[in-house]
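In what follows, a single structure is set out as structure tokens and then discussed.
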Amino acid sequence: MYAVDSPASPARAQQTPPAPPAHRTRRRRNRSDNRVPWLLTLPTLLILVALLAYPLYRMVVLSFQNMRLRELITGLTPPWVGFDQYTKALGDGVFWGVVARTAAFTVVSVTISVLAGLSIALLMRRVHSKVRIFMMVAMMFVWALPQLVAAQAFRWLTDSDFGVVNYVLTKLGLDYANHSWFVNPWQGWAVITTLVVWAGIPFLAISLSAGLTQVPKELIEAATVDGASSWQALRNITLPILKPLLTIVTTLSVIWNFGLFTQNWALRDGHPEPVYQTLSTFSYTQAFGQSRYSYGSAIAVITVLLMFGVMVFYIRQMFKIGEVD
Amino acid sequence: MARHDEGVVTVGRSRIGTFFANTTGIVFGLLMLFPVYWVLNTAFKPTNEVQSFTPTFLPENPTLDNFKSALGEELFLPAMVNGLIITAMAVAAALVVGFLAALAIARFAFYGRKAIILVVLAVQLVPFLALLIPLFLMMQRAQLTNSLIGVALVYLVLLLPYTVWTLRGFISGIPRELDEAAMIDGCSRPQVFWRIILPLTGPGLVATSIYGFIQAWNEFIIINTLNSPQKQNLMAWLLYNQTERGTAWGPLMAGAIITSIPVVVFFLLIQRNIATGLTAGAVKG
């Protein structure tokens, strides 16, 4: 009672209620105990069902139909076409190109981001505390920046006429005056990847550096005294301790980067050329640009299925770690 | 102190190594900040300096014209007001609904609890854009396209799982003994929630609603798909602005700054929660 003094002080003013819960039989209490939590969760579940589960179901149904602009306007039920949308997608070289591109981008960007994030986190342990604070502040600003704003900033940096990147490269003696970065898809994707890595580093580096504080310094010291090189200490002590966290942040990065939309969308003025399409933008443009709602849905279903393995892995990891009790 | 560091704590770390590390750290920080700095630099330049083949690294004639022109755009203020209304509705609803569910998960052992946790976790991973097609068709049928409520409803679902999950963490952090003590003192269960858990979750509610604000404020694809240009938020305005007048870099950067300010300020206020919220379990383990 005394422990709760301050937070519960208004409660103490309350007089004892006439019917204390002790009256109830054990059995009744149990039943009501089961009902109360479900009642509390009910609104959340209803919203999730209405605006998440139902759309998910609609998406799957749509992917077996052929919904076009006509059906949208007239409100008629679109014709059922079975697996046509899927066979169309799976037999289409363009679609496979998009899948391969999205996968390649994910692998490359996640690898670079995680390695960079880990290096920065390790670096932050070695630098002077003032330098560390500076690095933190810089990363916080980048992290706080809305994705679209960051994309706009990069669009401006790489502008062919007045962009500062071309200016600096030209100053360095390279011929980059009026160079357009998105003509050559490799260069364009390099810009997009730089943007994604740059924006992703703060989350990775800050999370990992928080994780690094869990690595006991004594352990590293002991190993060093025993003659381990700093590389060996990193490989055999730091990384194993960091592994659960590393797995989580890598999985999250895969999920986020696989769903790339904002960056390529904004850098290509909302009309990504075929070489800049990823699964998300492809599904979106098919549906809302070309009014092929069913084809877009089929692609979205395939996207979700492709992500499924990673998601299951993430959730299992969360349960394993015991965050979910 | 430095001697001590070199000799005992960090064997094999030379002074040159430390210097190298510090330099790398500073260069890294500067590189990270460069795009942010360049946006600020551009926003304060007059048009002739923005559209110059030899960009200067500070505005020679600093001006607020770009900000005036962004603020003076026909759709800027409506977009700001729309964004605020939508965000407020979505965040408030998510907070009320999410708090109840979080309470159930954190404070009750009941049949199905684990399933609910699984749903809340899994739902956060669903690529929301994939659902945009059916959501668009549903809103169309319910005549909620081109309305603020339709967008707010979608944002509510977007925020809800995270809200439940984070609030669960905050409520779990309140010792159960407090509940018990209050019940011994004669509080009923609803009273315990109302007088003990709710006030003690205060900081958590603030942090969660700020995070919700950021999410909803930054969203532009859903609102851009559901609503006409007159009913956009600021972020979508920024996208529209880009396609219609792609070369007006000065006002665009000024608009970007105005749009980012609330987000950046809020983000810096709750950054600790965001970092731990995403990876809490792992760090602990």
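Backbone N, Cα and C define each Cβ position, glycine as well.
Automatic, uncurated: that is what TrEMBL annotation is.
What TrEMBL says about this protein:
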{"type": "TRANSMEM", "residues": "B:20-40", "note": "transmembrane segment"}
{"type": "TRANSMEM", "residues": "B:75-103", "note": "transmembrane segment"}
{"type": "DOMAIN", "residues": "B:80-270", "note": "domain 'ABC transmembrane type-1'"}
{"type": "TRANSMEM", "residues": "B:115-137", "note": "transmembrane segment"}
{"type": "TRANSMEM", "residues": "B:149-171", "note": "transmembrane segment"}
{"type": "TRANSMEM", "residues": "B:192-214", "note": "transmembrane segment"}
{"type": "TRANSMEM", "residues": "B:248-270", "note": "transmembrane segment"}
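Comparison of B:20-40, B:149-171, B:192-214, B:248-270 by number of C-beta pairs under 8 angstroms to the transmembrane segment (B:75-103) places B:149-171 first. Annotation: stretch B:248-270 has the most Cβ pairs under 8 Å to the transmembrane segment (B:20-40), among B:115-137, B:192-214, B:248-270.
Sequence-distant contacts of the transmembrane segment (B:192-214) (same chain, six or more residues past either end, CB-CB distance under 8 Å): 87, 90-92, 94-95, 98-99, 103, 107, 159, 162-163, 166-167, 169-171, 174, 178-179, 182-183, 262-263, 266-267, 269-270, 273-274, 277.
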